[in-house]
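S.K.: Below is a structure I'd like to ask you about.
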Amino acid sequence: MRFALVAAITIALLVAGSVADESSEDIDNIVIKTPLDLPRCDSPFCSLFRIGLCGDKCTCVPLPIFGLCVPDV
């Protein structure tokens, strides 16, 4: 998980750097989404019987015994 996060940030920075080299005027239009920009769920776990535990911006993904709250992207 940590390797994927570091790889995603590195690629995003490389892309931003190559775009900035082409035109310094377009640097204001670049938006880089990071995991910190994702909405946070009210709870990490949920139940199919009480779906509202995740919050408004998250969805309950069912597993055999319990569910996981996943942010809506």
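Keep in mind that glycine also has a Cβ here, set from the backbone N, Cα and C atoms.
Just lifted these from Swiss-Prot, have a look:
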SIGNAL    1-20  signal peptide
DISULFID  Cys41-Cys58  disulfide bond
DISULFID  Cys46-Cys60  disulfide bond
DISULFID  Cys54-Cys69  disulfide bond
S.K.: Indicate whether Cys54 (disulfide bond) is helix, strand or coil by DSSP.
M.R.: coil
S.K.: Could you state the whole-number distance in Å separating the C-alpha atoms of Cys69 (disulfide bond) and Cys60 (disulfide bond)?
M.R.: 5
S.K.: When DSSP states are folded down to helix, strand and coil, where does Cys41 (disulfide bond) land?
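M.R.: Reduced to three states, the DSSP call for Cys41 (disulfide bond) is coil.
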S.K.: What does the structure give for the C-alpha distance between Cys58 (disulfide bond) and Cys46 (disulfide bond)? Integer Å is fine.
M.R.: 10
S.K.: Using all protein chains in view, find how many other C-beta atoms are within 10 Å of the C-beta of Cys69 (disulfide bond).
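M.R.: A count of 20.
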